[in-house]
Ligand SMILES: O=P(O)(O)OC[C@H]1O[C@](O)(CO)[C@@H](O)[C@@H]1O
């Protein structure tokens, strides 16, 4: 039976008939006024009713188009879809990634060291801890200047080569936690290379010293062509600059991180320089594994472990907190309400902190690669919406770019405003501190205006139409007390679990990504004519036309030389 047939889904559809025409302005009008007499209970304000907090995070859902009835119907839906049973299956290591026949155990990577989790009668926490210890010793050697390049000089520059989950998580975390540097003397220059066309690596190599640069080749599969071609370019650069043998370069200048040790060895990375993880860690869920090596190098091993603790705290909260207090469950279920019942299919991620500039790109992969699906677990096509289109940008910058559409366009968009409350500790009363307050003021102003529209500014409802604001764009504000490794771990685990909650309701497997496979195969076919190799004669006319144009432009180029 499709979820659409469940009584809870049908009840939500009915409820949505009323809520579709209810404006957030009116929902806020029902609030108890803030200046109500002291003897009036003010705890029934929308904020009090619809905000939940845990640890370092507070989620304000009061600007969502919901009532208490909405939440209780969503609770019924989560019950109909057996969310509790799915949570148990996730955490216990059940084979829930059925199309790849394996569990999804990223939560095991952040279990305390003395925990037990048995997979095939083996406590995997032992392996995880052994891996962390190996990673820790590498980090210590590099920080101590004991990892030396081919000429004997200590490594001072790290280049992470990876793509997708082997790039976005570490890239995001290194920027987000840039205030948590390791002690002086242990600081490294850090770069990330992902793009297949070589443009990032070509520009970067010009600025680096081959004697002191270490490359981390990060790839779960170790077959991703984007990563391997960048890795080959890096090795060729080292070879031409040094004139030394591959064996020495591989040993001194490369670390491999992968779930496929054989392939790392085939490429030439010696076993001692390999860090492994497991096929039960999905690429986009892998920053907690050895894929997080750049994070540990950036913030130190203790900071990395704090990040794991923060994520673990969120795991425990997700596992145990009741529906009403459960942050990921509420975030996920209110998303379901917006997408499936209010028909909102665009989702903007708006961090009000420049350190979170890579969060939108990270969440694009996390959400869209996980839940951008249209077949259910039973192998049937589904007839309801799943993951919306996600995009985002640092909020204040986006204000000068696409907020016009959010405020006055024709599309309904749900937004996540994400900001730390405290920043610039030790910079009290400085210009910098003021900048943080300015950013907070903008964050609050924008979510307020998006929700309330004209009614937020007296008299604006009399303005000419091009100056009017319709409002009613729902948003959640995620308030982080302060951005630290711990709170960052909580934040990312919050979104991971939100994605899981939604996958349960939509009955999709969030841990595979078959939709990215065929394009890779097709590119292999198309590479043949571009390399003057035998190629199948026929493509569609557009592809053939473009190929011919490219090849003739390239021939012209050669002739002119
Ligand atoms: O880590 P790998 O195996 O190089 O894969 C990189 C990325 O490519 C994908 O498989 C998509 O092609 C992502 O799921 C993954 O994060």
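The backbone N, Cα and C atoms fix where each Cβ goes, glycine too.
Positions annotated as active site, proton donor by TrEMBL: 369. The active site annotation in TrEMBL covers 400, 520.
Cα to Cα, residue 369 (active site, proton donor) and residue 520 (active site) are separated by 15 Å. Long-range C-beta contacts of residue 520 (active site), restricted to its own chain and to partners at least six residues apart, with a cutoff below 8 Å, comprise 225. Around residue 400 (active site), no same-chain residue at least 6 positions away in sequence has a Cβ under 8 Å from its Cβ. The local packing around the residue listed as 'active site, proton donor', expressed as other Cβ atoms within 10 Å of its Cβ over all shown chains, amounts to 22.
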